[in-house]
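Engineer: Questions regarding the structure given below will be posed in turn.
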């Protein structure tokens, strides 16, 4: 039986691999897949490349993962249809670069570079090689690392004004300020200063913020306004300032107790203590994550083990919208989306739900990303693309996703659109082990960050910060 054919129209947004107009339309076999199409494009009659370039192909904004015939059948199209194939260079895997060892589990990472939020907020540029990685650990300490893996600064211990228990979240607030929070229910503000040679630095505690009655598991910062958001196991969302003069007096009852007394006895310095600008009773269970709306710093989103995502008006300390999912939520990230913002929510059910936060949205969940085999603990947007993100899970992996790499969900998955990871990043600390940890035991990943200049930075139970170079993974050129 003769093999079917279909007319295709090749397009690209990359001028250096643009076909001449007379070659853009072609009749190709319907049994061809991505690899075959890539061979056709590289051929002498088409692009005539000196060495083969691997290509991926999109039809209506989604990657082609089947034969053209299977695509036509799945979409109810006939072979008389002309298919528009947008071609791009194939995705680049994130390569391992380095690991930075700690004394205890690493709960949090942040990056300071010319392209990071702090770098963009700041007035001075960051020279190549002067990027910094901030880590927070269960040993109660913060560390600032250079890209060579040297810890150029370590925070003070509890006896000198540091955290009295494990750190759960730490962020660069500016080039000279860091905020951290953790199991001791406090947020601490640190002055950060580097020596002229940039080989050493100091972290000096300058402010302690009290208000929560449970551990603080997540903070978000907005440098231009010096504002901080916190999510606590007490179910509340806190709103704070890093300016001592603008912060309210602290509730004295919140700083009493054995740990506070012990610190006052042993420390030789006294750090000012202040309270929150507001505390919002948002959730009926532990609040696990909070973020600023990247487009409007007066709006925030919070998540909880009570299955809800709340949209918050920070100015009025009010809840303006509630979205309820089927499972407890552990992590949040705002994605630019395609035309409008999307919220990615990592759940205890091992998947990531993509939520349209607009009140006018017809459905709560726009897409589901499946692949993790344990809790999804952290999510970060691809800095190079509107379509990409990376997630960290308790299964011991980070997974890179492209929202154009999708399929139709099965009945067991609740139907709908399902995304699958395009790359899986394992922990390098397990590479020499012969047995795979069950459920990520010993290598759970707690946090992940994706920076244009530094790469994908992750932290976990293996006491390591791991760096994988990830720029261009999801191809922003499309």
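From the backbone N, Cα and C atoms, a Cβ is placed for every residue, glycine too.
According to Swiss-Prot, the protein has these features:
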{"type": "REGION", "residues": "6-89", "note": "region 'Ubiquitin-like (UBL) domain'"}
{"type": "REPEAT", "residues": "115-155", "note": "repeat 'WD 1'"}
{"type": "REPEAT", "residues": "162-200", "note": "repeat 'WD 2'"}
{"type": "REPEAT", "residues": "211-250", "note": "repeat 'WD 3'"}
{"type": "REPEAT", "residues": "282-322", "note": "repeat 'WD 4'"}
{"type": "REPEAT", "residues": "371-411", "note": "repeat 'WD 5'"}
{"type": "REPEAT", "residues": "440-478", "note": "repeat 'WD 6'"}
Engineer: Count the CB pairs under 8 A between the repeat 'WD 1' (115-155) and each of 162-200, 211-250, 282-322, 371-411, then give me the winner.
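Structural biologist: Result: 162-200.
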Engineer: Within the same chain, where does the repeat 'WD 3' (211-250) have neighbours whose Cβ lies under 8 angstroms from its own Cβ atoms, ignoring anything closer than 6 residues to its ends? I mean 6 or more beyond.
Structural biologist: 117-118, 121-122, 168-174, 177, 179-187, 189, 272-292, 297, 300, 302-304, 306, 310, 312, 314, 317
Engineer: Quick one: DSSP breakdown of the region 'Ubiquitin-like (UBL) domain' (6-89) into helix, strand and coil?
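Structural biologist: Its residues divide into 22 helix, 26 strand, 36 coil.
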Engineer: Which residues of the chain, 6 or more past the ends of the repeat 'WD 4' (282-322), have a CB below 8 A from one of its CBs?
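Structural biologist: Same-chain contacts beyond the flanks: 214, 217-222, 224-225, 227, 229-237, 239, 328-334, 336, 341, 343, 345, 348, 355, 357, 359.
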